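See structure below.
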Amino acid sequence: MDKSFILNKTSSRSLARRGQLFTAHGKVETPVFCPVGSQAAVKTLTPEDLKSVNINMILSNTYHLYLRPGIPIIKEMGGLHKFMNWDEVILTDSGGYQIFSLANLRKLDEGGVSFRSHIDGSTRYITPEDAVSFQQDLGSDIAMVLDECPHSEASENEVLAAMERTHQWAKRCLAAHTLKIQHLFAIVQGGLSPELRRQSAEYLASLDFPGYALGGLSLGEPKDITFETVRHTLRFLPENKPRYLMGVGAPEDLLEGVSCGVDIFDCVLPTRVARNGAFFSRLGRLNIRNAAFATQKGPIDPECNCYTCRNYSAAYLHHLFRCEEILAYRLATIHNIAFLSNLMQEIRTSIEKDCFEEFKADFLSRYQPTNEAIRIEQKQKWLFGRNGEPPS
């Protein structure tokens, strides 16, 4: 698609960008956060719920959909949009990260990767061409190349080999891609090495993809290293193409990513922590299970106008979580997605008015981030899913 991304404004004092991404299912205002619906559903929410909080772009995962219900079934149902009754924008991940998180359950060669299904133990083999074909059959608006994501403790030689294989697979994905109304994004790898990140970004930029993602980050490394790598890598990517930082979704990280020049984010964080009783607020995450909320008559977040905060007291939400009522997870998820949607709208407005830096400083002056040691510990647990299942 021609002119699929328009850059409207750049901050005068940072690299923050305001743009518009055009797809077959509509326009996306950037910077944007995408909720994750790995298995064709954002957990606990309906499409109407998402639209009610101004979400018009979500992510689904090809790995999970390939295994269950299967790409042919979704294609027979008219594609992923019709299958899940979502008429807005869908980005599909190739599933590379999920496959490589299987560790001892997978083997790879130059042709592709073989792995054992975490569902039934069957052996599967996927090539870069398969990954493209699957996503074309799904009919997503944005598809991702198959890449190799090296593990966080990989040696420099292993990171180099993964980067070079990612480059070769990217070329093959580009050659196999024929669905003109679908954008195919490349994925920059290179670990935490500034030199390898430069090489990867420059090589993939030379192939002229419609957009570029930064993979292999936010895998448990300190945040300052994450964003130092992001800032460095983006210097070597074209300014007229969208930049996508995979797996980042904490409010403070969205602000930092935007200041680096990132346009698109996705993460399971808001939905996952919601199901654990954590509500985003301007002051930081609030644990609804705390006894202090047992008698609070007002909403959990007085500054929020979402469905949950308009209709339910913190005391009621506390009760639902203590009783493990399913409604608790739904109401918490609505709130967290609404919070991030509103935050991104405020970020976009601040860039338009060229006051993003003031907005960021004001937000962070009140917001209390999660303890870094606890965050890294949680991240390491989440990276490998549960019961042998790869992460979402």
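Each Cβ is built from the backbone N, Cα and C atoms, and glycine gets one as well.
Following the DSSP three-state reduction, the secondary structure of G95 (substrate binding site) is coil. Summarising the annotation, Swiss-Prot assigns substrate binding site to D93, S94, G95, G96, Y97, D147, Q189, G216.
Summarising the annotation, Swiss-Prot assigns active site, proton acceptor to D93 and lists sequence analysis as the type of evidence. A 10 Å cutoff on Cβ-Cβ distances gives D93 (substrate binding site) a total of 31 other Cβ atoms nearby, all chains included.
Panel annotation: around the region 'RNA binding' (247-253), residues 33, 97, 217-219, 223, 226, 265-270, 280, 339-340, 343, 363-364, 367, 369-370 of the same chain, lying at least six beyond its termini, place a Cβ under 8 Å from a Cβ of the stretch. Residues annotated as region 'RNA binding' in Swiss-Prot: 247-253 (among others).
Taken from Swiss-Prot, the feature active site, nucleophile covers D266. Around D266 (active site, nucleophile), the same-chain residues six or more apart in sequence whose CB sits under 8 Å from its CB are F33, C34, P35, V36, L59, L91, Y244, M246, G247, V248, G249, listed in sequence order.
Per Swiss-Prot, the feature region 'RNA binding' maps to 271-275 (among others). Within its own chain, the region 'RNA binding' (271-275) has Cβ neighbours under 8 Å at 35-36, 42-44, 285, 329, 332-333, 335-337, 382, counting only residues six or more beyond its boundaries.
Look at Swiss-Prot and you will find C304, C306, C309, H335 tagged as Zn(2+) binding site, backed by sequence analysis. DSSP assigns C309 (Zn(2+) binding site) to a helix. Within its own chain, C309 (Zn(2+) binding site) has P299, I300, D301, P302, H335 as residues 6 or more apart in sequence whose C-beta sits under 8 angstroms from its own.
Listed in chain order, the residues near the substrate site other than D93, S94, G95, G96, Y97, D147, Q189, G216 are I99, F100, M144, V145, L146, E148, C149, I187, G215, M246, each with its Cβ within 8 Å of the site Cβ centroid. Taking the centre of the Cβ atoms of C304, C306, C309, H335 as the Zn(2+) site, the nearby residues of that chain (Cβ within 8 Å, site residues left out) are F279, P299, I300, D301, N305, Y307, T308, R310, I334, A338, F339. Taking Cα separation as the measure, C304 (Zn(2+) binding site) is nearest to D93 of the binding-site residues D93, G95, G96, D147. Summary for the binding-site residues G95, G96, G216: the Cβ-based neighbour count within 10 Å is maximal at G216.
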